[in-house]
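As written in TrEMBL, here are the features:
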DOMAIN    63-145  domain 'Cadherin'
DOMAIN    145-254  domain 'Cadherin'
DOMAIN    255-338  domain 'Cadherin'
SIGNAL    1-26  signal peptide
Amino acid sequence: MARAHIAAVALVSLLVLLVFKAEVEARRHGALRRRKREWILPPTKLLENVDYTKRVSIAKIRSDKDDEQRVHYTLTGAGADKDPFNLFIVNETSGHVRVTGILDREKFSVYNLTGIARYSDGSLAETDIDLRIRVIDQNDNSPKFGKKFTGSVNESSTLVTQVIATDADEEGTDNAKIAYSIVKQEPVDPGVMFYIEKNSGKIFVNDAGLDRELHDLYTLTIKATDMDGAENGNSEIGTAEIKILDINDNPPRLEKDMYSGNVDENTDNVVVMRIKALDDDLVNTDNWLADFKIDKGNEDGLFSIETDPKTNEGILKLIKPIDFEKIKDLDLGVSVENVAPLVVGAGDRADIDFGLDLGLDLT
Ligand SMILES: *[C@@H]1O[C@H](CO)[C@@H](O)[C@H](O)[C@H]1NC(C)=O
Ligand SMILES: *[C@@H]1O[C@H](CO)[C@@H](O)[C@H](O)[C@H]1NC(C)=O
Ligand SMILES: *[C@@H]1O[C@H](CO)[C@@H](O)[C@H](O)[C@H]1NC(C)=O
């Protein structure tokens, strides 16, 4: 009987508790609405690198419940009870928040702290209070190139390469807005060969045009300045090395317009002449290598010509014996081009006049 009584009392207590809890919930919702009106603190803004540690407070959290009872304030979140620990501390009784160190926006740009208000018995006095601290950027970082840039460009194109520096200051602000300029070009001649687009860092060839046959490598000293290049900006120097690639802008030339030589009767498979091609393009490339043709006087197929790739000479061979009874006069024409198509100009040609001799004379 006593047991049944105790059980009944317990059930009634439980019901009372549930009703009470529902009431507390309702009050909490009321508190939330009230909090919306009174306790949403505007974000606190603090400059990086500035010493606020002597200030009594940089923000204040407060519950108006402390009119009725003593309220104890604590802070939670990164910067309080999480790394970086105790950068922000709150006076337990007044709710004043102090900062204990100097802030660096490039490490943490915002601290989302939560203020907690409790009664002396540990129960929550207030729904948690958001305290957001935003760190305002200062221009304390120079642009950084981080590497040497290399680019290559052929003699006729215009876009060379792009250099990029990074700046740790706040993106989208002048503190991180980089302007590029070329401060030095080596070699200096034959003029200012490149320009750089101020904000993109793209390097272009000036109209002057490049000539690999003059210089095949340029070294540019590039400056990156934040504050969009203003005088008070931070600067960094970098290097871009630009290799000039060959194009076939030099046609092959023959040393002479007119060659003369002799051929023997009744001989064949002999070299009768070597004709040298001169070319300023890059040696041992198809822009330099000559391609010879006999364009006149070889109707009977007596001669062949091929290139000696080491010397760039045309090796003219007599490949069939000549019958001096039938042929009185040998007048060949030889033309030369490069293996690669020419970008500028045209190939060369020469005439070869052979005397018909008994002696073999390689002129
Ligand atoms: C906290 O604030 C109270 C009230 O302003 C003050 O009396 C007390 O000295 C402060 N405590 C500390 C540790 O600063
Ligand atoms: C701080 O809170 C805001 C809004 O909730 C969020 O966008 C941001 O990512 C948070 N920052 C950190 C560092 O937790
Ligand atoms: C030079 O480079 C440009 C751009 O890359 C290209 O369009 C052009 O064909 C190149 N010219 C030669 C001769 O290689």
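Numbering starts at 1 and runs along the chain as it is shown here.
Each Cβ is built from the backbone N, Cα and C atoms, and glycine gets one as well.
Curation plays no part in TrEMBL annotations; they are all automatic predictions.
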- DSSP helix, strand and coil counts for the domain 'Cadherin' (145-254)? 6 helix, 48 strand, 56 coil
- DSSP says what for the domain 'Cadherin' (255-338): how many helix, strand, coil residues? 0 helix, 44 strand, 40 coil
